[in-house]
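According to Swiss-Prot, the substrate binding site annotation covers ARG87, ARG97, ARG121, ASP211. Look at Swiss-Prot and you will find TYR128, LYS178 tagged as site 'Important for catalysis'. Annotated Mg(2+) binding site per Swiss-Prot: ASP211, ASP235, ASP239, in sequence order. Annotated NAD(+) binding site per Swiss-Prot: GLY271, SER272, ALA273, PRO274, ASP275, ILE276, ALA277, GLY278, GLN279, GLY280, VAL281, ALA282, ASP283, in sequence order.
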Amino acid sequence: MKLAVIGGDGIGPEVTAEALKVLDAVLPGVDKTEYDLGARRYHATGELLPDSVIDELRAHDAILLGAIGDPSVPSGVLERGLLLRLRFELDHHINLRPGRLYPGVSSPLAGNPDIDFVVVREGTEGPYTGTGGAIRVGTPNEVATEVSQNTAFGVRRVVVDAFERARRRRKHLTLVHKTNVLTFAGKLWSRIVAEVGRDYPDVEVAYQHIDAATIFMVTDPGRFDVIVTDNLFGDIITDLSAAVCGGIGLAASGNIDGTRTNPSMFEPVHGSAPDIAGQGVADPTAAIMSVALLLAHLGEDAAATRVDRAVERYLATRGNERPATTEVGERIAAAL
């Protein structure tokens, strides 16, 4: 396996180091190449993501990312120039966010054993394509537009992926949208879900408006198995799912090219937390859980299961203790 590693900013390098410690314990011999991308490189060279680096990344089987973001860089520069460019250049059209409440984890819904779902979010369309603009800026008559792009091709490929995952899980899929207001995109999503669903007669299909889905995710999260949704709604509902499952610090994600033409990228969804960087207190659990997603994506199912079970054992016994960053990695690696 050839793995590209982007530690990034803030606590990113710290949590990534512990994730690699666990990866080495469960699957020794991975060929790793580290890339210096983020605020430090931007300040030193003015570069965000050179074309040459993109070409190098394409030669890897997967990418492990720590975190990107620094207050010394204007808002949006790193996000669009690095994170979103990676997503679009490598065609990461599937954003995968598992939501599971592990035993022993503190949550508003702690003790509910039925919280185990996955959100399949479209990753390269919607309002994040940068289409839109503004006129009469700074005047009382300013007009700003953000265009949400939804293509049949883009919707279909993420819907097919969601149905495949539902078939392997509990055979239930929920489309989350706002079809009563966003009628054009809503009809496209609804029609394609219905069309694809005919090829999966064993998968039960449901629909929820995004506002209703947020209510049910809190009051009855056990109803969800696989959720498929667009880029914007997925961005919102996955953070709610993280809160339901114990917080953003336990949220792993995968940015996936379903065609496997390009390497997929796996990362914890928490930010770079520059205020605690270098203190050794950042929780690397989400980064370690991202390694489990990475392994599963590359067909290393046994290794992925071992990591997931080691994390589960660690969380079940941790209680209110908050070990140092390196200690978390050492405990989980030792359990392997």
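In case you wondered, yes, glycine gets a Cβ from its N, Cα and C as well.
Closest in space to GLN279 (NAD(+) binding site), of the recorded positions given as ARG87, ARG97, TYR128, ASP211, is ARG97, taking the CA atom of each residue. Reported as a whole number, the C-alpha separation between ASP275 (NAD(+) binding site) and ASP235 (Mg(2+) binding site) equals 24 Å. Using CA atoms as reference points, the recorded positions ARG87, ARG121, LYS178 were checked against ALA277 (NAD(+) binding site), and the closest is ARG87. Candidate binding-site residues: ASP235, ASP275, ASP283. Fewest other C-beta atoms within 10 angstroms, ASP275. Of all the binding-site residues given, namely ARG87, ARG97, ARG121, ASP211, VAL281, those whose Cα is no farther than the 10 Å limit from the Cα of LYS178 (site 'Important for catalysis') are ASP211. Looking only at Cα atoms, ARG87 (substrate binding site) sits nearest to ASP235 among the binding-site residues ASP235, GLY271, ALA273, ASP283.
In sequence order, ILE210, THR214, LEU232, PHE233, GLY234, ILE236, ILE237, THR238, LEU240 are the residues of the same chain, not among ASP211, ASP235, ASP239, whose CB sits within 8 A of the CB centroid for the Mg(2+) site. ASP235 (Mg(2+) binding site) is 27 Å away from VAL281 (NAD(+) binding site) when you measure Cα to Cα. Cα of ASP239 (Mg(2+) binding site) to Cα of GLY271 (NAD(+) binding site): a distance of 12 Å. Reduced to three states, the DSSP call for VAL281 (NAD(+) binding site) is coil. Counting only same-chain residues six or more apart in sequence, the Cβ atoms lying under 8 angstroms from the Cβ of ARG121 (substrate binding site) belong to ILE94, ASN95, LEU96, ARG97, VAL158, VAL228, THR229, ASP230, ASN231, PHE233, GLY234, ASP235, THR238.
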